[in-house]
Amino acid sequence: MENHTYPKNMFLLEGLKVTQQSSYPAFILLLIIYIFTMVSNIGLILLISMERSLHQPMYILFCNLPLNDALGATVIVPRLLSDIFVASPDRYINDVACAIQAFCAHIFGTTSHTILIIMAFDRYVAICNPLRYATIMTNRMIAKLTVFAWGSAFLLVGVLLGLTLSLSRCRSEIFNPFCDNASLFKLSCESVIINNIYGLTFTILLLGSSIGSVTLTYLKIAMVCVRNKNRVLNSRALQTCSTHLSVYIIMLVSGFIIIFLHRFPQWADHRKLSAILFNVVPPWLNPVIYGLQTKEIRQKIFNKFHNNKVTV
């Protein structure tokens, strides 16, 4: 048991560990990144919503990604910003807010995979079955894929956090920049073997289905491109797939760094920083990658800016 006394139903959160001299630069940098992340992601959703020419299955499914990125950044960054100028012994968070933050953080991580899975399916149908694309990717199918991406995440994360929140607590100090499942079940003195087994199963299932489905999809797409001698179609397929693959690799590498650093307790501070970056870097880069590499979206953005200049 800890010797410190904490307010009832409150946890002491470690937050972002920065020196007093670097607190202002860290605050300004995080704030700029957060504002850019929110403006760019919400801007993409609004652009696709308002432009009828972008009301296609690929872009409608893509809207899930900036929505999830905005969620992931909002769950973590505002709290980090508010804690930067708060003394470490005073960084309290109530148990309900902590549970909500942990739930949303894991939803963001899980849907980052499931959304890219359904987007890979869309690319597979478009390239491997172009003649049947319109009959397969109907509004009903888009709705089913969207429900799958979010529904499976809510189910998996709900069970994960449900098991953790059912544990009794004998500690109140969270040694992490933000609340997550691992930091919450470490507050208990009960056996957490069931939590560990489910957490491992959850991770293997998610990563296995994600990597397996995306790899299989791109292998089939590559086979179709090799057999197809049309350079124009192959070039378009490569362009659309490279955008999706770039976003997927950035997300995957960011996640694997956290998993890798978990194996080395002496690198705990590096792991905590990488956990923050997982919620900051992909949401910041994704709209840039899709905005610049996707021709239709890029043209619409340039047209908006051009029309605004003409009007002025």
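Using the three backbone atoms N, Cα and C, a Cβ is placed for every residue, glycine included.
Automated prediction, rather than curation, is the source of TrEMBL annotations.
Remote same-chain partners of the transmembrane segment (26-47), defined as residues 6 or more beyond its termini with a Cβ less than 8 Å from a stretch Cβ, comprise 16, 18, 54, 62-63, 66-67, 69-70, 73-74, 77-78, 80-81, 84-85, 280, 283-284, 286-288, 290-291, 297, 300-301, 304. The annotation transmembrane segment is assigned in TrEMBL to 26-47 (among others).
Over the domain 'G-protein coupled receptors family 1 profile' (40-290) the predicted model carries a mean pLDDT of 90. Residues annotated as domain 'G-protein coupled receptors family 1 profile' in TrEMBL: 40-290.
For 59-80 (among others), the entry in TrEMBL reads transmembrane segment.
TrEMBL lists 100-121 (among others) with the feature transmembrane segment. Proximity of distant same-chain residues to the transmembrane segment (100-121), defined by a Cβ-Cβ separation under 8 Å and at least 6 residues beyond the stretch ends, is recorded for 58, 61-62, 64-65, 68, 71-72, 75-76, 79, 93, 145-146, 148-150, 152-154, 156-158, 160-161, 164, 178-181, 183-184, 206-207, 209-210, 213-214, 217-218, 244, 247-248, 251, 255, 278-279, 282.
As annotated by TrEMBL, transmembrane segment applies to 142-167 (among others).
As annotated by TrEMBL, transmembrane segment applies to 197-219 (among others). Residues 110, 113-114, 116-117, 120-121, 123-124, 156, 159-160, 163, 181-182, 241, 245, 248, 252, 259 of the same chain lie 6+ residues outside the transmembrane segment (197-219) yet bring a C-beta within less than 8 angstroms of a C-beta in it.
The annotation transmembrane segment is assigned in TrEMBL to 240-261 (among others).
Panel annotation: around the transmembrane segment (273-292), residues 16, 30, 33-34, 36-37, 40-41, 43-44, 62, 65-66, 69-70, 72-73, 75-77, 80, 105, 108-109, 112, 176-178, 180, 243, 246-247, 250-251, 254-255, 257-258, 261, 298, 301 of the same chain, lying at least six beyond its termini, place a Cβ under 8 Å from a Cβ of the stretch. The transmembrane segment annotation in TrEMBL covers 273-292 (among others).
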